[in-house]
Amino acid sequence: MAGKGVGTPLSALFLLVLLVVTIGMMEVQVAEGRMCKTPSAKFKGYCVSSTNCKNVCRTEGFPTGSCDFHITSRKCYCYKPCP
């Protein structure tokens, strides 16, 4: 019977730690959030290099950018966290 008294607090502690870790992971996912996509206003031509696209997007005030397909061509799109 003494073993049952010791196991219960340890099980409760384990579940509490598991809950805290799970909640912590959920907060990180929410903090990352969605990224909003906007066509670059300054990038000209067919987008081949995402590095060039990213650099142009940074001059437009966006943290990043990449070449993405748009219908039949590749265009430069800039990304920022959605409000």
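The backbone N, Cα and C atoms fix where each Cβ goes, glycine too.
The feature signal peptide is assigned by Swiss-Prot to 1-33, with sequence analysis given as support.
A strand conformation is recorded for Cys36 (disulfide bond) in the three-state DSSP classification. Taken from Swiss-Prot, the feature disulfide bond applies to Cys36-Cys82 (among others), supported by similarity to another entry.
The disulfide bond annotation in Swiss-Prot covers Cys47-Cys67 (among others). DSSP assigns Cys67 (disulfide bond) to a strand segment in the three-state reduction. Proximity of Cys67 (disulfide bond) to non-local residues of its own chain (separation of 6 or more, Cβ distance below 8 Å) is seen for Cys47, Val48, Ser49, Ser50, Cys53, Arg74, Lys75, Cys76, Tyr77, given in sequence order.
As annotated by Swiss-Prot, disulfide bond applies to Cys53-Cys76 (among others). For Cys53 (disulfide bond), the number of other Cβ atoms no farther than 10 Å from its own Cβ, over all displayed protein chains, is 23.
Here Swiss-Prot flags Cys57-Cys78 (among others) as disulfide bond. A helical conformation is recorded for Cys57 (disulfide bond) in the three-state DSSP classification. The local packing around Cys57 (disulfide bond), expressed as other Cβ atoms within 10 Å of its Cβ over all shown chains, amounts to 25.
Annotation note: Cys47 (disulfide bond) sits in a coil segment as assigned by DSSP. Here the CA atom of Cys57 (disulfide bond) lies 13 Å from the CA atom of Cys36 (disulfide bond).
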